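Chemist: Dumping the structure here so I can ask a few things about it.
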Amino acid sequence: MSTTRRVGAASALLGLAVAALAATTLPSSVPVVGPVLQSARAGVAAALGGAPAQTAAAPVNTGGGAATPAVAVDRDAPERVIVVFEEPALTAYSGDVAGLAAPARRTDARGKPRLDVKSASARGYVGYLQRRQADLEGAIALRVGRPLAVERRMQHAINAVVMELTPAEAAGVEQMADVRFVEPYREYALDTDTGPRLIGAEAVWNAEWPGATGRFQGEGVVFGILDSGINFGAPSFAAVDPVDGYQHVNPLGSGTYLGSCAPGGVDAGRCNDKLIGGYDFVCEAPGNTCANPGFREEPGFGDTNGHGSHVASTVAGNRRDVVFRGNPRRISGVAPRGNIVAFDICYTNIATGQGLCPNVSAVAAVNQAVADGIVDVINYSIGGGAQPWTEAVSQAFLGATEAGIFIAASAGNSGPGPNTMGHLEPWVSSTAAAQHGRGAFALALNVTGPAPVPEPLAPVLVNEGTGGVAFNATIPGSTPLRISAGFDGAEDGCAAYPADTFAGAIAVVRRGTCSFTIKTDNARNAGAVAVVIANNAPAGLIPSVPGTTIPAFGVTQAEGEALRDFGRAHPATATAGVQFPPLVLPNTADALGAFSSRGPAGTFNLVKPDITAPGVSILAVVAGTTITGFENAIDLYNGTSMASPHQAGAAGLIRQARPGWSVPEIKSALALTAKTEVFKEDSVTPGTPFDKGSGRVQVDRAINAGLVMHETTANYQAANPATGGDAATLNQPSLANRNCYSSCSFVRTFRNPHGSASSWRIRFTGVNATAVPSTLKVPAGGTASVRITVNTRGVAADGRWTFGEMVLESSGPVLGVQRAPLTLPVAVAVQAPVVRLPDAISLALAVGRSGTAVGAVGNDGGSPLLYSVDNTGNGGLTAVARSSDGVTSGFRGTHYSDPAAAGALAQYSADDFVVEQPLQLTALSAPGFVVSGTALPTAATALTFAIYPDANGLPAGNPTSAAAAAVWSYTTAPTAPGVDVANAVISLNLPAAGQTVTLPPGRYWLVVSTRGTFANRWAWYGSNAGTGGFASLTVAANGSGAWTANTAFPGLGMTVRGLVPCGAPWIGAATPAAGTVQPGAGQDFRVRLSAAGLTPGRRVGYLCVASNDPVMPKAAAPVVLTVN
């Protein structure tokens, strides 16, 4: 147990930074099915991120995706891990090893600065790392006492290897001097016709931006797409543009290709002068998944999921004229003349339809992109990034940034709640998703008569069924509309109708009992030309009607009942029709998708997301279930996965037009010039920086930014809060500080990339702030800095954020061009005070004597703590507060609803705590994550909190076979009163839940678990604090199993709070009795203790402190008196 007890609001933040990803509630791509059921379809659409079968009680990690069914339960079986070494990768090497110079930098033929990975100095250092890795692999093998098989070695973006270790071995290896960290196998979730025009890409293509120096369409820019592969036969990826005949130029030389497209590779013949290479890190090492019959994946980089093809064509797909559901459209990538390298790092779980992306595959792909030395921009529409400084992929992204590669990533699809962001890396540009003015393509059932037709029926938006005959011709408005006679019954449509019941008519039937196919076929056999199926619940409906031969549509329950009432009122005369092609529905441009994840960035002083781009109803290339036969497939998807490629394409256009700008400068140009008017999902309320970042991408302004901002890799690494850094010090195009008591300051440095000096007036909106200087003068090609001070006097000390903007306005044209204003979002907060009391105040006295004990009141919050000693009534005691900060893995706690898939009936974890005096429990909390990334209200059908007595250092009972051994157990729904499951931190407020539990003195074990599927299993985060270990249990199918001691972590993250009686007869007055403690400070006090009338022995009482801590207004500290 830690030596200091933290009491109050701070404990509510445990694991926030690492739990953001685990709160994902929507997949990263959502096929659009119409306005009624977009959200319904979202629940079953593809998400990418995955893992092979985990073993029982082994560490699992934050991320998305369902895992493969386990075939065996072995807690000590080796698992794939990434071992990251301390020595810098090639991209970060600065020449510190004697005889090895820093790698050369060069300007390529297109004028782009980049690391010269082929130089002698680069090859020399890579060779050195390879030798060092071999030595360290040998040392690891000696440590674990067995030979090791290394599946992948990486030296360019990250210095790391992929191997298999048991959890205990991994914990030991992480302690080795040359090892930076060990990351276990992790699962990540895969989080354009109108889009390019909205973000200004067409203006860049056509040189219609102020001061235009040419037309830029991505020529010579290479995009690396890390995703599910690519539909290589689609016209969007052809060597010749189908619309304008542009012949792409292969920067490697015609006929020269990368990876598996090279002669003899599995993809030989699939590449061309646009699609210049590809890699398979899924079937090949380190993924090695193709042998699993439960996965849909094929050797090579072909796509059988659709997500990767959609992303790639949005980034850099050719212009194409297509017909989508009868509507002619022209689609194009943002950089249509760019080149593409496909990195296949994701596969599909056939049973769930989820796409799964192993972290080992992702990190290998980033390393390869750097090693090839040709990629300019990476798009990563996949989850992760909640722990920027301790995730291997995040660190590889930093290496890629140093190598000159821009990283665009999706923000995540877990909105609209706060703290749902992925990709919190300051060096990665995370993208929120918004509408772009053109919505879904909707089918409408128009009831045409007899008049008057009620307004709700003119028209009714319907969802087309799936699996049956395609609807491709208008049903005339004169078509009879007939209601099934059994509409009100559950069996409606399940038995044959009399002949000609629906002759030539649209039949309206109700959902229930039998399949939609049976209902549709019975209506057809009775003469129907189409069928409308009404739901029997309030939600919308997309009927699955495989094998049917007439169009089938779904409507909501309310719409179905309105149709029923009208049809019954006009049984022989009601008419209706369905128009083809579908209606193109408008929407509000720049209104955020409700699914788009939101900031803040956990506990980091950052504005996240960074920027917004179109991500709702995006039309682009998709794929089928085989790698050929679907070359012309296109579809609409929603998701931040669709927004990120818009930013990636925009970054590529800037890279082409401004080859001398660094990656952080490109990132800043996009942010500084973004369109700030972005709305929340209601299309009315202005979005905050934690909704939209800087605003919506406007590349025609970004390409002409008057100032840009650079940052170094060294500074990015130094900003790690775990080593004393602060992201607020980074030269970001935003200002954020969550601990801005009274005032806080920032320094920002700008570079003038143009050939003439410029002057910028600085003003602020929304916040009380000043800038010195107030007018920034920047010489041509030079830099200038400004210090910004934000005054928060008068801002409530409650942790709520205050937002504003810092605006720089050019005082005049630069080289004859008036530069657009530059805007930096501002976000500051003042945290509430958090009282900190000692774990114990102790004193030994002889019988009959008195003395003084010394304690301290500390303030771990962000504003002054006003306190007074008050030893009346009850006080709140935090019996345990073990943080999971800095921990990225945990141990399972789930009772499985599908034990066959899990290979076990249940898996549990438990950790212990000691009660000195009777404790009335008030709150329990266990930080964790759902492995699939699904939000707990969806992932779990029930939660169980239980406390077991101790039995020789282990819990005294199996929760499955001996649940009665618990001193208290409570099972409830994730949405029940008193329960909070935000960010997969499972918490229970016992009074709010109606639970009254008082524990007598003793040692106890807390067990927190979920009930759900193996794919949606919950894992309890480990802690670097504790008593030296915890307990874990795997329950076999027959209910058997025993707790075992587990030392992979010193303990599990958890908080246990309760009420204790304040004061004792032998506890006297405290001096001072009241005071004020500033944030981060402490104040000693002295308390008189008396042993008068006491017999020898140990006594425990409580000194209580009342304060303005809003979470713990009265806190207790144990006072231990030993009488001799």
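Just so you know, glycine gets a Cβ as well, placed from its N, Cα and C.
Bear in mind that TrEMBL entries carry predicted annotations, made automatically and left uncurated.
Checked TrEMBL, it gives:
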type	residues	note
ACT_SITE	Asp227	active site, charge relay system
ACT_SITE	His307	active site, charge relay system
ACT_SITE	Ser641	active site, charge relay system
DOMAIN	218-419	domain 'Peptidase S8/S53'
DOMAIN	491-563	domain 'PA'
SIGNAL	1-22	signal peptide
Chemist: Calculate the per-residue pLDDT averaged over the domain 'Peptidase S8/S53' (218-419) and state the result as an integer.
Modeler: 93
Chemist: Please work out the number of neighbouring Cβ atoms within 10 Å of the Cβ of Asp227 (active site, charge relay system), leaving out its own Cβ.
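Modeler: Total other Cβ atoms inside 10 Å, all chains included: 32.
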Chemist: Round to the nearest Å and give the CA-to-CA distance linking His307 (active site, charge relay system) with Ser641 (active site, charge relay system).
Modeler: 8
Chemist: At the Cα level, what's the spacing in Å between Ser641 (active site, charge relay system) and Asp227 (active site, charge relay system), rounded?
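Modeler: Counting only the Cα atoms, the answer is 10 Å.
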Chemist: With every protein chain in view, how many other Cβ atoms are within 10 Å of the Cβ of His307 (active site, charge relay system)?
Modeler: 32
Chemist: Would you mind pulling the DSSP three-state label for His307 (active site, charge relay system)?
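Modeler: Reduced to three states, the DSSP call for His307 (active site, charge relay system) is helix.
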Chemist: What does DSSP call Ser641 (active site, charge relay system) in the simple three-state scheme?
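Modeler: Its secondary structure by DSSP: helix.
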Chemist: How many helix, strand and coil residues does the domain 'PA' (491-563) contain under DSSP?
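Modeler: Going by DSSP assignments, the domain 'PA' (491-563) contains 17 helix, 17 strand, 39 coil.
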